[in-house]
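Trainee: The following block contains the structure, expressed as structure tokens.
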Amino acid sequence: MQCVAATSGLRASTCARAQQQRKAVQAVSLRASTFSGLRLQQQIATPRAQRAAVIARAEAAPAQLDALESTVAKVVGAENAPSVVTLGFIAFWYGLNIAFNLQNKVIFNYFPYPWFVSSVHVVVGAAYCILAYLIGAKKASFERPITSEELTAIAGPASMHAIGHVAANLSFAAVAISLTHTVKTLEPAFNVVLSRLLMGTSTPLPVVGSLIPIMLGVAMASAAELTFNWTGFLTAMMSNLTFGFRAVWSKKAMSNIKNLGSTAIYAYTTLISVIICVPGIFIFERGVFAAIKEQVALKGATEFYGALLSVGLLYHLYNQFAFNTLARVTPVSHGVCNVVKRVAIIGTSVLFFGNKLTMQTKVGTAIALFGTWLYTEMSKKKPVPKVA
């Protein structure tokens, strides 16, 4: 009995020790599991924290300034320099465009040959670029030779530039200029659609909505003495479409072609446009050469050719600054700038041609300016993704 009792006590003691050992092992396993879980969480959380830190530093770091912005930053500060430079380009664009429109309108009044005048614009621009390049001002012209791949990238938007320019001049020659300007207020809408189709860039709906008062206001302000024919209407619409392609494709080229500025891209655009525009003279306007002799006899060679030279130079320079602006903004914003520009043109027509501001023009201008403010605010709140 004592032996049995002893054996039973030993077994009980052994069982108790076994239970204690199992509890100890479970406790160790639990601590190990908890520790492993914490380590796993840390391993997951660490990359997230690192990525968040990198993003925060990138957002906090000031954008790298180009040479012009760095110069301007000495006066207005690094934060304001990019905006000031962009507004400066827009101001030069508008001022040169107004001067161009005034001169171009005068020429069309006595010399209605849109293919020839369009060709003069780009021929003078190409001559300007070639001369600038030869005297060493490469940054103001072609900058450097381009590869065949780069030429292919520029050729598409350049052809749209040439066709759109001719189409606009054909519209100006066919109908009252006010109709052409009214129809061409649709340009931002074309840019929205083409940005989505060609670049995969979606414009936020609030931003799209803000375009409506801009287009309606400028159309209302422009729709003064409307005359209509299908040639004028369709060529104005063609100009909208081709300029939309030009803006989107040119922006894509600016993003993809390295070490070539927007000024140089427009210089090559001008050179390609010459090849497209000039043949149209011999196909559609063979009578222009007799008209040239007539105008030289009436006005003198200096006045006539001087007017063509000046309008061509103004055309090239205003488009150069337009391309400089495009390099800094989205195609949609560029279209908005191009539409709002017509308000400035209306103002100069009052100053230089004695046109009267009607109530319709005043109301339309006010709506357009409100739309421009609204577009700016919506673009800040819902920015369009940048092109990669």
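Heads up, the Cβ atoms here are built off N, Cα and C, so glycines get one too.
All TrEMBL annotations are machine predictions without curation.
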Trainee: Which stretch does TrEMBL mark as transmembrane segment, out of 150-169, 230-249?
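Mentor: That would be 230-249, per the transmembrane segment entry in TrEMBL.
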Trainee: What stretch of 84-103, 205-224, 304-323 shows the most Cβ pairs under 8 Å to the transmembrane segment (261-284)?
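Mentor: Out of the listed stretches, 304-323 contacts the transmembrane segment (261-284) most.
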Trainee: Using a Cβ cut-off of under 8 Å, list the residues of the same chain at least 6 residues beyond the transmembrane segment (84-103) that approach it.
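Mentor: Tertiary neighbours of the transmembrane segment (84-103) are 68-69, 72, 76, 307, 310-311, 314-315, 317-318, 321-322, 324-325, 328-329, 337, 341, 344-345, 348, 352.
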Trainee: Ranking 205-224, 230-249, 304-323 by the number of C-beta pairs under 8 Å to the transmembrane segment (115-135), which range is first?
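Mentor: Checked against 205-224, 230-249, 304-323; highest Cβ contact count belongs to 304-323.
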Trainee: Counting only residues 6+ away from its ends, which parts of the chain sit with a Cβ under 8 Å from the transmembrane segment (230-249)?
Mentor: 156-157, 160-161, 163-165, 167-168, 170-171, 174-175, 179-180, 183-184, 186-187, 190-191, 193-195, 198-199, 326, 331, 334-335, 338
